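Visitor: For reference, TrEMBL lists these features for the protein:
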type	residues	note
TRANSMEM	A:38-60	transmembrane segment
DOMAIN	A:97-292	domain 'ABC transmembrane type-1'
TRANSMEM	A:101-122	transmembrane segment
TRANSMEM	A:131-149	transmembrane segment
TRANSMEM	A:169-189	transmembrane segment
TRANSMEM	A:210-234	transmembrane segment
TRANSMEM	A:271-292	transmembrane segment
Amino acid sequence: MSAEQNSPEQRRRKHPGSLAWLRSEQGAVRTRSVGRTVVKVVGLAAVLFWCLFPFFWLIMTSLKQGDRALNSPDIFQGPFGLGNYENVFDQNFHLNLRNSLAIAGMTTIICIIIGSLAGYALARLPLKRKILLLSGVLAVSLFPPVALVPPLYEVWRTVGLLNTWEGLYLPYTAFTLPLTIFILTTFYASIPKDLEDAARVDGATPFQAFYKVVFPLAAPGVFAAAIIIFVTAWNEFLLANTFAPRNPEVAQTVPVAIAAFTGQVEFQRPIGTITAACVVVVIPMIIVALVFQRRIVAGLTSGGLKG
Amino acid sequence: MADHRATADDDGGILVNGDKPPRPKRGGLSERALGRLFVAPSILLMAAVALFPVIYAFVLSLYDYTRRQREGFGGLQNYADAFADDRFWGALWFTLLFTVASVAAEFLIGLGFALIMNQAFRGRGLTRAAILIPWVIPTVIAAQMWFFMFNVTPGFINTVFGLGNFNWLGQEGWATFAVIFADVWKTSPFVALLLLAGLQTIPGDMYESGVVDGAGPFQRLWYITLPLLRPAILVALLFRTVEALRVYDLPQVMTGGAFDTESLSILVQQYVVRTPDPGYGAALSTISFVVILGIGMIFVSLLGRELVLERTTER
Amino acid sequence: MRRDGRAYVAAAGALVLVGVACTPGDDDNGDGEGGEIVWAIGGAEAQPGGVHQSVAELWNDENPDNPVRIEQLPEEADQQREQQALELQAEGSNFDVLGVDVIWTGEYSENEWVESLEDVRGEIEEASIPGAFESATWGGELWAAPYNTNAGFLYYRTDLVDQPPDTWEALCDQAVEVSQSEDIGGFLGQGARYEGFVVNWLEYYWSAGGELYNEDQTEVLFDTEIAAQATEFMADAMENGCYAPGFNTAREEEGRNEFQQGNVAFLRNWPYVYSQVAGDDGSPANGNFDIAPLPTFTGQGTVSALGGFNNAVSAFSDNTEAAKDFVVWAATNEEAQTMLATEGSVPPTLESVYEELSDDPVMQVLGEILPDARPRPPAPEWNQISVEMQQSLFPAVNGDADVQSAVESVRSYLEGTVQ
């Protein structure tokens with residue numbers, strides 16, 4: 001790849017240009033740019049509609065009161081109120097949020113730490129049979145999850161991991177590591193080799209070269225991986241529903257709690273509470289994702305190259 | 001654990017270098033030791049959690065069961081039964097169809113999203129948040145939501161688009177479409193995020209030289225962006241593909257597997273949970289595993305050549 | 001050395017992080033302490049404020065030494081069974097009393113997950129509705145104590161229909177007529193491909209005189225002609241507008257909502273719908289609906305498929321005697337069983353309650369239809385049979401498969417179960 005031919009100085013100088021090439025164009029031809037603006041606005045509107053329209057339905061439904069409003073196809077049929085949100089928090093939902101936050105957080109931290117090491121080794125260090133290793137790593141995540149559950153349940157029961165945070169974030173880490181390793185391997189591999197060599201010439205050990213030079217440069221990949229791990233662990237249902245199906249005080253996670261909501265009477269579907277809980281869950285997730293994502297986009301421009 | 005490995009590798013170093021160096025050199029050997037040390041924790045954790053159940057399932061698949069009672073050793077009978085079962089082939093067909101259609105659509109939409117998210121424009125914060133929303137909704141709930149939206153009763157989509165009582169989920173073909181549609185909506189942001197991160201590693205001067213050469217936006221996309229994005233694209237496609245091949249929640253919640261929307265995982269779930277036959281369920285799981293691994297291997301060999309081999313053979 | 005040292009620091013750091021995130025208060029792991037009875041039952045009525053909780057409180061007032069604590073399982077029956085199965089498969093003693101769906105009896109007894117209740121059979125049999133009692137037995141032995149039952153009604157709009165129909169044909173005629181004149185849907189039931197579809201199909205099949213097995217389930221009595229008649233009736237109803245749009249994706253709630261919104265004239269559903277519609281002031285159906293027994297093909301009598309839950313004693317309970325006392329009490333105690341009818345949405349199984357509460361419209365109709373209501377065979381292989389029926393009959397009803405070969409395949413499957 002020709003990217004590798006760039007010296008560090010060139011990269012630093014030109015990198016912000018990934019946005020600059022757009023800007024340099026905007027002033028080019030005025031008449032063309034009006035047409036482009038229209039296309040952009042229309043395109044943006046389409047994107048927003050695609051993404052937000054179902055979410056809008058979700059919010060409207062979560063605000064509706066009473067069975068009939070909830071089940072009406074007309075999203076503006078009232079009465080409206082916050083009753084569903086009250087119901088959600090009556091069911092110890094804040095404890096579920098705490099559990100999910102802890103479990104997804106731990107999964108992310110462990111995954112990034114040990115996945116970074118493995119990814120770097122696979123991308124940069126001499127190891128035998130890398131393809132085989134990569135395949136083995138991938139294979140881990142491919143077994144149908146539902147078939148993993150009965151044997152794991154027996155082991156977890158014996159070891160005492162049922163209804164614990166560890167019982168969830170350990171398997172989450174194991175099953176998310178393949179994705180982490182693949183993402184990070186890709187990103188480490190895309191970082192110019194000469195940067196590292198330069199660091200070595202300056203007397204850095206391979207480990208120093210890794211965490212002072214390579215790791216910061218891989219920041220977009222690391223943060224992308226972190227969001228993905230976090231969201232995957234946060235949304236996981238099958239294992240959570242098997243290993244910690246009840247008791248928000250201990251380890252029941254958010255998706256399990258939402259799926260366990262019941263109506264007032266047998267058979268009734270608690271669509272209002274479900275949608276309200278969903279909105280409650282999505283808002284902090286968006287904040288987390290936005291913060292991380294800013295790091296993805298800002299990664300290379302503000303990050304390293306100083307070491 | 002890591003301790004032992006490091007020592008063992010250092011010993012290897014001693015053999016070659018003859019003398020224990022006060023500080024390891026930056027030669028191949030100490031790097032090799034570091035490599036093993038770095039890979040070890042991941043491999044150990046994954047093996048500890050995932051290896052046992054897979055072996056367990058494979059052993060189970062060789063036994064004959066009546067419901068939960070083990071009847072004896074059955075050899076490969078469960079596999080033969082699976083290959084003779086029309087439902088297995090139906091599920092395999094739907095799973096492949098679902099995978100190809102949803103991954104293709106997710107890639108196109110995800111790439112579009114990534115290009116948008118990568119631009120500087122007013123309101124990009126809102127746009128980025130909006131793009132991520134579908135993906136952070138838990139799948140089980142997203143599936144229920146789309147059931148509600150597509151189903152004739154209450155018929156939200158039909159009302160909004162004035163389609164009367166169009167039965168999306170109650171007829172062959174459209175049921176498949178609805179499930180794929182919901183998956184594309186839900187998972188495109190995943191692809192977008194990975195590609196967005198990939199876009200950051202493309203140096204800006206690549207584009208500048210493209211502009212100087214008079215390349216239009218599509219030419220730049222085709223000749224500059226996509227080739228440089230190749231590793232990120234492969235990773236995104238790989239993981240979307242293996243995920244899609246194991247799809248469970250969406251068809252289960254939206255159609256219950258009716259109208260030819262039964263996926264392999266739904267079939268496995270039936271024999272593991274609903275009508276337990278651990279041997280047959282394990283055989284179906286193993287077959288799915290082999291199919292998925294086979295498809296995954298194609299990506300790995302493409303990726304591997306790209307990432308690993310080129311670079312290590314350089315030296 | 002320094003290089004490796006850093007690696008160790010990193011590894012140690014990771015370990016510390018692992019150590020930091022510890023599960024809070026792992027105090028209550030469900031093991032029955034002392035005399036506590038853990039009752040694993042699911043659904044809306046098991047949540048705080050639900051009638052199962054009231055029943056437990058009533059017991060606890062009288063038996064402070066052996067209090068019952070409810071371990072709340074999810075709403076969906078399949079998931080309840082899965083959570084019980086994981087515990088029982090591991091021979092765990094965390095559950096003492098199990099809420100067992102009427103169709104799981106045989107499976108649980110075959111797996112030796114539940115204690116036989118033969119020694120208390122007499123008092124339970126005497127007090128309970130026969131159909132509910134039958135659903136708790138398998139192989140001539142009693143495995144659970146009936147607790148709550150359920151039966152399907154015909155809900156109909158009194159402002160659109162003069163008389164509830166006696167036959168399915170009449171029902172469909174009226175449904176088509178009303179849907180044309182009023183521009184609403186005709187009839188809804190549980191037509192999606194799940195257990196409810198089998199329940200609905202059996203009600204047509206049974207009401208045409210069909211049977212699945214003989215009394216002790218040693219012989220298949222499946223009649224392909226009657227089965228084809230029932231299936232074709234459903235297929236026609238899909239075609240000719242008798243079934244409202246969305247029938248083939250409708251479960252309980254879809255039907256209830258459509259009826260409550262005033263979008264359908266007829267509905268086959270469980271008793272819970274009554275109070276929902278009657279309590280909804282804005283519903284067009286409120287004040288304009290009534291309930292009747294389900295029609296038949298002959299115009300005589302009525303047949304409904306039974307639902308509901310029985311209480312079984314876990315074979316791995318370390319509190320068996322107290323648990324047994326509780327399930328017998330819950331089946332026979334008048335106050336507890338009356339609560340199910342007055343506070344809950346799940347009809348009781350105690351026969352005397354129906355006489356007492358015969359002023360209540362729901363209880364009155366229930367009292368009328370329950371004697372003829374039938375349980376699905378609580379055989380160990382019921383789940384397999386049900387899946388097979390869904391696989392064969394559902395496409396036939398939807399016009400995607402041939403009716404005759406569908407019913408033939410159900411028959412041959414049933415025959416495979418009795419050898």
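Placed from the backbone N, Cα and C atoms, the Cβ positions cover glycine too.
Predicted automatically and left uncurated, TrEMBL annotations should be read as such.
For each feature listed, report its degree of burial, its nearest neighbours and the pertinent distances within the displayed model.
Guide: A Cβ distance under 8 Å defines the sequence-distant neighbours of the transmembrane segment (A:169-189), meaning residues of its chain 6+ beyond its ends; these are 103-104, 106-107, 110-112, 114-116, 118-120, 122-124, 134, 137-138, 140-141, 145, 152, 161, 214, 218, 220-222, 224-225, 228-229, 232-233, 236, 239, 243.
Within the chain, the transmembrane segment (A:210-234) has long-range Cβ neighbours (under 8 A, six or more residues past its boundaries) at 100, 103-105, 107-108, 111-112, 115-116, 120, 124, 169, 172, 176, 179-180, 183-184, 186-188, 191, 195-196, 199, 204, 253-255, 285, 288-289, 292-293, 295-297, 299-300, 303-305, 307.
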Visitor: Sequence-remote contacts (6 or more beyond its ends) of the transmembrane segment (A:271-292), Cβ cut-off under 8 Å?
Guide: 55, 58-59, 61-62, 64-65, 70-71, 83-85, 87-88, 91, 93, 97, 223, 226-227, 230-231, 234, 254, 257-258, 261
Visitor: Take the transmembrane segment (A:131-149) and find every residue of the same chain, 6 or more past its ends, with a Cβ under 8 Å from one of its Cβ atoms.
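Guide: Those are 118, 122, 174-179, 181-182, 185, 238-239, 242, in sequence order.
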